[in-house]
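So that you can see what the record holds, here are the features copied from TrEMBL:
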{"type": "DOMAIN", "residues": "112-261", "note": "domain 'Phosphatidic acid phosphatase type 2/haloperoxidase'"}
{"type": "SIGNAL", "residues": "1-27", "note": "signal peptide"}
{"type": "TRANSMEM", "residues": "54-77", "note": "transmembrane segment"}
{"type": "TRANSMEM", "residues": "112-129", "note": "transmembrane segment"}
{"type": "TRANSMEM", "residues": "192-208", "note": "transmembrane segment"}
{"type": "TRANSMEM", "residues": "215-234", "note": "transmembrane segment"}
{"type": "TRANSMEM", "residues": "246-265", "note": "transmembrane segment"}
Amino acid sequence: MSAMVALRRFIDLLLFVLLVAVEVALRQWMPPQKRGFFCGDESLQYPYTDKQTIGFAVLCIIVFGIPFIVIFVVELFRQLSHSRGKKQHTTQDAANESCYCGRRWKNIYAQIGYYLLGLLMTLVATEIAKRSIGRLRPYFFNICKPRLSDGTNCEFEQNQGHYFTDYKCESDVSHRMMAEVAMSFPSGHSSTVFYAMVYIALYLQVALSTRGSKLLKHLLQFSAVMLAWYVALTRINDHWHHWSDVLVGILMGALFAWLVACYVAKFFEGRCSTSSVAASKILVHSGLAAASGQSATPVLPAYTFGSVPYLQHHGPNHAAYGQTYHNYGYVP
């Protein structure tokens, strides 16, 4: 390992530690905003359910276990497919094979690093929103049983429909639980699980070959998103979040997954970067030149999908005309 590579990995590790420190600091020293409530608000009168359908341990298995396994298995599958494609091995082939295997391990390291970076950013963004907004959970009245400043409570008729911010909870609950009651928006389960599953769906789109079955990849992508959808819905059914909390959590997770996949991991570099704009200008110029009878720049395939191999004679053409070639799903 060269000194430059070691330095890069050390900087990456420092950035991860910094994000973890920010997340821990938010939980320790940023109390949630105290918000008031309307007496008679039916959205805050749901029963408290201590046993959640998808608890924290199960969420960790989904968010960490599934993506790590998928990335490892897909990269291993690509390595085996590459090895099987070579029937006779010379000394040079053996060296190339070793180099190719090393690239696969490097890719596993990179993909897991990209994934964890986005996950930490999602967690930090979610935590900031939770503590800044301080929205009360649907079971607020059941847990808090608020006593107003004048000694009355929401059972008194004169208090119905009025907004109160000065209150104390009569129930004997821990400080941690009372802080948890005020962190409904957005749903942390929804944001993290949708980040994880949407990222994996995007990863499968660019990394998994469709030579065996075109439907298998899309079925796996659909299954990942549906798992995230189910987890998000349980948060409403368990009365831990309002539907709008879950919706915003879904949008946050999906947005972070797309941003990391597009601009950090660069799954769709030709589409997300300015190179796609440059390619479109070349195509427009070609059409105008053809219409005027001039020699037009040939329209070259910028993308292929599935198992279509890269035609060798396209290489010089792509270099000459400035088009970027991407083969999504092709295992060399």
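Here the Cβ of each residue, glycine as well, is placed from N, Cα and C on the backbone.
Caution: TrEMBL annotation is automatic and unverified by curators.
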Inset, instruction - Determine which recorded stretch among 54-77, 112-129, 192-208, 215-234 has the most C-beta pairs below 8 angstroms with the transmembrane segment (246-265). - result: 192-208
Inset, instruction - Provide the three-state DSSP residue tally for the domain 'Phosphatidic acid phosphatase type 2/haloperoxidase' (112-261): helix first, then strand, then coil. - result: 100 helix, 8 strand, 42 coil
Legend entry - Leading contact stretch, 54-77, 112-129, 192-208 vs the transmembrane segment (215-234) - CB distance under 8 Å: 192-208
Legend entry - Residues of the parent chain within Cβ reach of the transmembrane segment (54-77), under 8 Å, 6 or more residues beyond its termini: 104, 107-108, 111-112, 115, 119, 189, 192-193, 196-197, 199-200, 203-204, 207-209, 224, 227, 231, 234-235
Legend entry - Folded-back contacts onto the transmembrane segment (192-208), same chain, C-beta under 8 angstroms, at least six residues removed: 59, 62-63, 66-67, 70-71, 74-75, 77-78, 111, 115, 118-119, 122-123, 126, 216-217, 220-221, 224-225, 227-228, 231-232, 249-250, 252-254, 256-258, 260-261, 265, 267-268, 328-329
